[in-house]
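J.: The phosphate binding site annotation in Swiss-Prot covers SER22, ARG65, HIS66, SER98, ALA99, SER206. Positions annotated as substrate binding site by Swiss-Prot: MET205, ASP229, TYR230, ASP231. Swiss-Prot lists SER187, VAL242 with the feature site 'Important for substrate specificity'.
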Amino acid sequence: MSVPTVTSWTGAPILLGVIGGSGLYKLDSITPVAEISISTPWGSASSPITIAKTSAGNHVAFLARHGRDHAILPSNVPNLANIAALKHLGVKAIVAFSAVGSLREEIAPKDFVIPSQIIDRTKGVRRASFFGFGDEESVVAHAGFGDPFCETLRPIVYSTVQATLASHPIKVHTDKTVVCMEGPQFSTRAESLMYRTWGGDIINMSVLPEAKLAREAEIAYVLIATATDYDAWRPSTAAVNVAEVMESLKANVEASNLVTTKVLDRVWLEIDTDEKPAVKNIKDSTKFSIMTKSQVIPDKAKQNLRFLHPWFARD
């Protein structure tokens, strides 16, 4: 189905963003109405953004994290541009999807997981803040990240996914910890076993810096993970490979579309006004994380950050 390409959006509010991971390059459960490419100070997003309507008539913005042809390595995903583009459209919450490896016997391939915590095993290759990187003139800001996922939306997403899949032979887990590794190679067996001793329950290559940047952008963020394999910690079985991952994802297409249909409209009800906790609890949080005095912030940094936060350094 072809949709018109637009240069700006003046239609109904787009409060919800959806980021698709491996195997999820489009959503069959929503109706595309337009496509838009947004230029940000940090470049272009991974893919053109599809503006679509849910079954309840709510407009959402969808982008494919690795591009529509899955041509972008995890370490090379333009995370800043992705988050900034969604913020520019007015997005207040993001529901992100990701394929993950399981580090626990009870989390079987094809199960869904709504994690609550993250262990960062990326290696400093990926830029993880809008406020500076490397030799760039920076602004010192320390966003709170103790609870990396929105604690208002996370239990709602969990209960919605659980209810949606109640008649399916698929378990739904929550209060789990996701390890984010650098990749693109999968774990060694020693690493996989180590992550288990650290308290890791699932593992992927994508949740960071995505979740950190969403926090800096004051966007509520929640992850829906689909287990595809048992990583490499089980000594009696073969280590994970791409064929196994893709087989699990294909088998879960129906469940993923069912989940999407229900979750998006349910989350919308929690963000449709600024007084709802999911929005209110994060709004203006960035203002209180900045330590650099506005009068010494470089003009270029001010210009870039105002794309994200129009109020930035105007005093």
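Glycine is no exception: its Cβ is also placed from the backbone N, Cα and C atoms.
For the listed features, I'd like the structural context: burial, neighbours, distances.
T.: Under DSSP, ARG65 (phosphate binding site) is assigned to coil, being neither helix nor strand in the three-state scheme.
The local packing around TYR230 (substrate binding site), expressed as other Cβ atoms within 10 Å of its Cβ over all shown chains, amounts to 21. Following the DSSP three-state reduction, the secondary structure of TYR230 (substrate binding site) is coil.
Proximity of SER187 (site 'Important for substrate specificity') to non-local residues of its own chain (separation of 6 or more, Cβ distance below 8 Å) is seen for GLY101, MET181, TYR195, ILE203, ASP231, ALA232, ALA239, VAL240, given in sequence order. When secondary structure is read from DSSP and collapsed to three states, SER187 (site 'Important for substrate specificity') falls in the coil class.
Same-chain residues at least 6 positions away in sequence with a Cβ under 8 Å from that of VAL242 (site 'Important for substrate specificity') are not found in this chain.
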J.: Fill in the CA-CA distance, SER98 (phosphate binding site) to MET205 (substrate binding site), as an integer in Å.
T.: 9
J.: Which one, from the binding-site residues ALA99, MET205, has the smallest tally of other C-beta atoms lying within 10 Å of its C-beta?
T.: ALA99
J.: Between MET205 (substrate binding site) and ALA99 (phosphate binding site), what C-alpha distance do you get in Å?
T.: 9
J.: Are there any residues in the same chain, six or more apart in sequence, whose C-beta is under 8 angstroms from the C-beta of ARG65 (phosphate binding site), and if so which?
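T.: Looking at Cβ-Cβ distances below 8 Å from ARG65 (phosphate binding site), excluding near sequence neighbours, one finds ILE19, GLY20, GLY21, SER46, ILE72, VAL77, ASN82, ALA96, SER206, GLU210.
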J.: Could you tally the C-beta atoms, other than its own, that fall within 10 angstroms of the C-beta of SER98 (phosphate binding site)?
T.: 26
